[in-house]
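Participant: Take a look at what TrEMBL says about it:
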DOMAIN    20-55  domain 'EF-hand'
DOMAIN    56-91  domain 'EF-hand'
DOMAIN    94-129  domain 'EF-hand'
DOMAIN    132-162  domain 'EF-hand'
Amino acid sequence: NNDYTILCFQTQITASNCKNKIEEYKRAFNFFDANNDGRITIDELEKAMQKCGQRPTKLELRLIMYHGDNDQNGVITFDEFAHLMNGTASMNQYTYDQLREQFDMFDKDKDGFIEKMEMLSIVRELSLQASFPRQVVEQLFNEADIDGDGKISFEEFVLAVN
């Protein structure tokens, strides 16, 4: 398949190693794809990562889905999974201090709340659009703004990202 050939050239491995890499990815994909429908949902992603001892935050799961789901149809196919596996990073729970630091970074006017425009402004200023695309910020606000006031308090932020 063309995607596999590209994958092999990108990682600069030999053809036989490429075949082994594809088999390894297929085994991993099947582990994540709990219902064997050829697609990984965000719930399947979370459960599989937990089986591996990882405790991904909701934000990390959304970011993995965003970066892995190339056609943005809400699921990760094998081809998308193989590309995602080529650039994996470890995911960890955040400490209170890390959460406070992240919250304070986005709380530009230091009023104890993050407004959506405030967060989007910081993302632009720090050139974080690749990590925090507008779609992920919108989803974060939809899920985190529990009281519907258009702002995220520190408590709402902690619940949303952890």
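The backbone N, Cα and C atoms fix where each Cβ goes, glycine too.
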Participant: Tell me, what is the mean pLDDT of the domain 'EF-hand' (20-55)?
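Facilitator: It averages 90.
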Participant: What are the DSSP helix, strand and coil residue counts for the domain 'EF-hand' (56-91)?
Facilitator: 19 helix, 1 strand, 16 coil
Participant: Can you break down the domain 'EF-hand' (20-55) into helix, strand and coil residue counts using DSSP?
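Facilitator: Looking at the domain 'EF-hand' (20-55) with DSSP, the answer is 23 helix, 1 strand, 12 coil.
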